[in-house]
Amino acid sequence: MALSRPSLCCQNTSPCPAVFFPGTPVLQKEQLCKQGSNAGGINWKGCGTGDARSVLLEGGSPLKRALARPSTSQDEASQTSLLRRCLLREETENPRQAATLGGLASPGLPLSDSAQGQRFGANVASVNAAINACKKEGQWQLALSLLILMLEMKGTPNKITYGAAISTCSRGGQWQQALSLLSSMPDMLASPDEITYNAAISACERASHWQLAMILLHGMPKMRVAPDRISYNTAISACSKGGQWQLALNVLSSLPESSALAPDEITYNAAISACERAGGQWQLALCLLKSMRAKRAAPNVISQNAAISACEKGGQWQLALSLLIGMPATRAIPDKISYSAAISACSTGGRWQLALMLLSSMQEMRATPNEISYGAAISACEKAHQWQIGLGLLSSMPNMRVRCNQVCYNAAMSACEKAGQWQLALTLLYRMLETQVTPNTISYSAVISACEKGCQWQLALLLLGCMPERKATPDEISYSAAISACGQGGQWQLALSLLRTILEQGVLPDEVCYTALISACEGSQQLEQGLQLLLEARQRGVSLSASFFPWALARLSVHDPDLITAAFDEAVLKLSASELSPQELSILAWASGMLGVNNPIFFESLVARAIPQLKWFAMHDLLKLAWGCSAACGAALDLFRAIQGEVGARLEDVDLQSYPAPGRHALVQDTLGVVWALNFAGLLDSRFFMPTVRRMVRQAGALIDRAHGPPGSSRTREICQARIRTPEKETEELLSQGASCETPRIVLDLPDRVVVFKPSGWEVYDQHTALQLSSYLQASLGGGRFPIVCDPEYQLGFLHRLDVPCSGLVLAAKTYEAYYDLSLQLNAGEISRDYVILCHGWIRPSLKDIRASVSWRGLEPTSAGEQGKPSLTRLKVIAHAWRETVALSLVAVQIGTGRRHQIRSHFSHVGHPTVCDGKYTAEATFQSDRDFCARNFLHRCRLAFKDSAGKSHEVTMSAPTDLVSSLQHVISRDSMSTDTIRDWLTGTSPRNWQDYTPLILAEKWHALLLSFAYRSQPLSFNAFLQRPQSTITHLSKHSSTGKPHHQH
């Protein structure tokens, strides 16, 4: 069979990787051709006839091309030198063959010399030994030169010659030449045997061409060559490298158990490695490891290491650790690979302390740590936000005689990036250059991301520009980080210029890049530009996830109903056609909630996909899922039950002490968000789920309190002095200025929580005004006694806010445990927050609640409507009044959610804005209101909550004097309104929400009395209530003062 020149198959424009040789089934040939150029390489068709000798020797043959260059005396001297070096090695291993070959390396006798060629051309054994010597030295070119020279001298290579040459090409990574040699053997009357086939399969395995390896394996019987154990082992290894774990296991299962082909340690090692490389097939890897013992194939270090790595990739850190601990019992001594894999498993599982313990114990177990071990440990610290410890490990590596490599530096820089330590990340980059460790694209991307988090957009752009000079090609991640940095700095134009740069370089931006661009536009209020980018991404054919389009519409607050409907109809198709990741499902849910989507088919598909995968959801993804579904499909009962079960099970097993402080805080916040969503949907399980959550959040707070020390200790005072914003003297000066007619005061002081009265004109915190309630609380509680009141990460202890123009009661915590406890009460709807407001118009007394989503951007007013965060305001109209020609309503309010400007935006949304509200009324209305009311008429009059022991507390506060003065200028519409307003004027009105009597009941009673006056026959009250509302309204007008009804 002749070996033809390279040719194309299947009408492809690129070469097909198929190499056809004797015994290849026709079906396999067709299947392999269909794959086109997926595996890369050349199509050497060996199906024709001809003189193999002439083909091998012609100028276009692969062997000649591999060696094609002008022949010079220097080349021949180099070849002779190489051959002599090969023979020197051969002398120590096989002196007899070395003596036979000695003449080949004689000085002054080039390999092309005819007499020299005749001398060894006739001696096949000499050539075979020479090629074997070349194989050991890795000189595949020299080996092929010897083979070609043998053919030129009319020598006849045998199967040993070919086996040695194929093996030499295999070791040199020359799989095409190896397969060419194999396919030419029959025409040279050299029948392939298992050794030559194994060498060819090995060449394919080394080159990751699993398809060719399998074709070789299945073609062996056709050539009357029985595959041996090495054949199967090598083929399984090829499948392993190609990620074909199912195929590897199929080959393993086809081996007989009681013969010379029975699987051995090498067979099982290759199969376990296939499961490990597949990423997540840890169960199969452990089953194979267990079956080894049953089949009397003793697991060795390689088997155990592969199983540990499989557990690591599957997130099973406990099993990985168990395997490591159990290795000595199986007479397998753990090595550095074993420990590195176990450390990586602990890193993946968030067990950074265990990772550090394993690293420190390596020397005791005589396993010297290397760069991989340290890199895995630093990565564990990076994932756990322990950047200080990660930097400590990096600095200790030189003392342990371990060189810091790219992986270690990159992990340390990534740790600094996550912690926002951009200066340290930049320092590490400089240190890499000083120690001659070349930074790569990952290095620069990490530092650029760190600059992005530190709002250093100029520095991020500078680093991006330096990358080409340092031979680090910017990728999508680098550009995306730089674009995001520009967005953080409000430089959306620069972000768009970076997009143009990417396109000019012929790089197609990916989803990450467009995500950064749209976020930059959204943050800079360039919503139209962001929408244009979104549509552009689709037009460019960018590969986008199923959640990207809905996410972008939500971020950009798009209101186009057709666009939203089309996006979620497409999401339904993707939900039914493919398995979406937990992250995609959670983002879809979040986007649907933000956009106010009402698509039952979408939610049905989403719930069906999400429930089976809940155990794979991260906590923040569970939060998004619960939040989105509570806002848009509160009827998803099965989903909410499943979420409560999943979160509850996780909290039962959680070890908070193993969490770093940021990770622990994130866990608490995510859990509180899930509680809020369940409560908003009306499906919160207070019997089983809430006690578990309460234990967890209080324990998390107690851990922080213990870390700060007892109240009043020197440590707490030092912490507070470092954090405190306003000195005591400045606070006293603010109080003495009399900027408001009222001053703050503590209304209820409990051991770990406090209720404070906030006057109008004071800000709770944030330093936007001179009068800060936080400064008053710090001074009142003794400065350094309670660290939380100086901790901005925990809102200085405050559980909620009140707008600056408003007044009322504010709840604050003195300890972190109290803060988390009260936060849980707040999210579970266990804290009552009652208000009294005066608003424009006579509100229908039948209006009981306002359900409208709210959204806001920057300092703009809050917008209420169908899109945004779901919000609930309950109300009872308790009085109707007017001033001059302006109709007014006095309303008792209780909020179910605490959004920014919620009450003010909600009442403006229904056409009844609060009195003297410059943000939510027209300027003329606002100025007219100021004639009788100096500030916004909104007062939080009641708080009800529980203390640490579960005892209920209720605090009430009558209207401040300025609001009482404003209320004196209004005239009641009816007798009940008169009584209610008089109660507020005298300070006797604040009471429990349940005690307020809505005005509608009084109207109905009054209308009933009127009906007796107009009717000859009495009407029962129950019958009256069943009458149309229009009748009741008509009757109530007869009892009014006759004043006109005006609304603004």
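Each residue, glycine too, has its Cβ placed from N, Cα and C.
For 123-157, 158-192, 193-227, 228-262, 264-299, 335-369, 405-439, 475-509, 510-544, the entry in TrEMBL reads repeat 'PPR'. If you look up TrEMBL, you'll see 793-909 marked as domain 'Pseudouridine synthase RsuA/RluA-like'.
With a threshold of 8 Å between CB atoms, the same-chain residues lying at least 6 positions outside the repeat 'PPR' (335-369) that come near it are 301, 304-305, 308-309, 311-313, 315-318, 320-321, 323-324, 327, 376-377, 379-381, 383-384, 386, 389, 393, 400, 402, 658-660, 663. DSSP assignment over the repeat 'PPR' (123-157) gives 27 helix, 0 strand, 8 coil.
Residues 229, 232-233, 236-237, 239-241, 243-245, 248-249, 252, 255, 257, 306-307, 309-311, 313-314, 316, 319, 330-332 of the same chain sit 6 or more residues outside the repeat 'PPR' (264-299) yet have a Cβ under 8 Å from a Cβ within it. Across all of the repeat 'PPR' (228-262), the predicted model scores a mean pLDDT of 87.
Remark: secondary structure over the repeat 'PPR' (475-509) totals 26 helix, 0 strand, 9 coil, with classes taken from DSSP. Counting residues per DSSP class in helix, strand and coil order gives 26 helix, 0 strand, 10 coil for the repeat 'PPR' (264-299).
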